[in-house]
Amino acid sequence: MKLPIYLDYAATCPVDERVAKKMMEYLTVEGNFGNPASRSHKFGWQAEEAVDVARNYIADLIGADSREIVFTSGATESDNLAIKGAAHFYQSKGKHIITCKTEHKAVLDTCRQLEREGFEVTYLNPKSDGLIDLEELKNAMRDDTILVSIMHVNNEIGVIQDIAAIGELCRARKILFHVDATQSVGKLPINLAELKVDLMSMSSHKLYGPKGIGALYVSRKPRVRLEAIIHGGGHERGMRSGTLPVHQIVGMGEAYRICKEEMASEMPRLKALRDRLYNGLKDIEETYVNGSMEHRLDSNLNISFNYVEGESLMMALRDIAVSSGSACTSASLEPSYVLRALGLNDELAHSSIRFTLGRYTTEEEIDYTIELVKNAVAKLRELSPLWDMFKEGIDLNTIEWTHH
């Protein structure tokens, strides 16, 4: 077993060796390096064929038509293109958008930008388990609502939203439905032939593909129109100009192909490992799981260890790579806005650790992690005056702290 142990697969994944090998065939002069938009020679034709094959693999995994896949630089761009593109195209119908407070920043900040442009956004509060109240969503819908954007799986707490039910509500009101599926594609079965989803964002690097490439599913039936953000040569049916990075697209396609083959056996394996981790940690006193355990991705565990400061716990756990909050915002010392939206107080939100498991996680690594966390929590609580007060039965909420 090698240290440090990587348990931050929701932040990114290593590129699968099979994917890297495939990508190498599309880079050098010995390989297939052509521009897929070059229609006048073999180099271009071969590159175009490689892109088509990859596009089919991606469509196959999610039950879509390959013509519905638009390549982007990643899920952040896909979120931007979906939300801004739809808002700008359909603004004559209305300027109201609905999303949730626990969405990824790529969705929330895009909505904030649209607010600056005169759109109105309703931010739904999740329930304490992280799930959305469908009645609340229904009540938030108005005649001028043009778009609902709700993620499939939350990146911090792994909670799975009922996108089938949300899709039905949206379709009944003729409102476009965008799903950020960055954390769910390849980990949960998704069939867009059945789901009433109009737009769906996807990433490659959360699925053992390369960084810097992603895709947006844009429904053809019913047809969804978008206003482009990036203009140029009119690539990707005019929705996203720019020379296609063939090696990255091939990598993403191969990663999605592998996931389709291995998902049925891989997810139960990860669930067993995640449950082993949970069972090893749940008996630590004052430990709380954040988000629904029932409606949750099999590879995610987000736990708060009360009376332990999150950053010091991260330092004590330097032999394992975990995170507090998402990678995109973990550089700030603010407590996770996702956990705050669930109603956690600052202390509990600050003491949360996200463990996310993946393809290379082993049983040995999980057992090592359990022991390490147990010892670290015990050690840090020994140093904590708050823990002593709690053990003495003092209600910390009744104490008035002096502010310096």
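Glycine is no exception: its Cβ is also placed from the backbone N, Cα and C atoms.
What Swiss-Prot annotates here:
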ACT_SITE  CYS328  active site, cysteine persulfide intermediate
BINDING   ALA75, THR76, ASN155, GLN183, SER203, SER204, HIS205, THR243  pyridoxal 5'-phosphate binding site
BINDING   CYS328  [2Fe-2S] cluster binding site
MOD_RES   LYS206  N6-(pyridoxal phosphate)lysine
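There are 25 other CB atoms within 10 A of the CB of SER203 (pyridoxal 5'-phosphate binding site), with all protein chains counted. Of all the recorded positions listed (HIS205, LYS206), LYS206 sits in the most crowded Cβ setting, with the most other Cβ atoms within 10 Å. When the binding-site residues THR76, GLN183, THR243 are screened for a C-alpha within 10 angstroms of the C-alpha of LYS206 (N6-(pyridoxal phosphate)lysine), the residues that qualify, in sequence order, are GLN183. For ALA75 (pyridoxal 5'-phosphate binding site), applying a Cβ distance below 8 Å and a minimum sequence separation of six or more within one chain yields HIS104, ALA106, ASP180, THR182, SER201, MET202, SER203, LYS206, GLY214.
Remark: of the binding-site residues THR76, ASN155, GLN183, THR243, the most isolated position is THR243 (fewest other Cβ atoms within 10 Å of its Cβ). Secondary structure from DSSP puts HIS205 (pyridoxal 5'-phosphate binding site) in a helix.
For SER204 (pyridoxal 5'-phosphate binding site), the same-chain residues 6+ apart in sequence whose C-beta sits under 8 angstroms from its C-beta are GLY74, PRO210, LYS211, GLY212, ILE213, GLY214, ALA215, GLN248, GLY251, MET252, ALA255.
Spread of the pyridoxal 5'-phosphate binding residues is 30 Å (greatest Cα-Cα distance among ALA75, THR76, ASN155, GLN183, SER203, SER204, HIS205, THR243).
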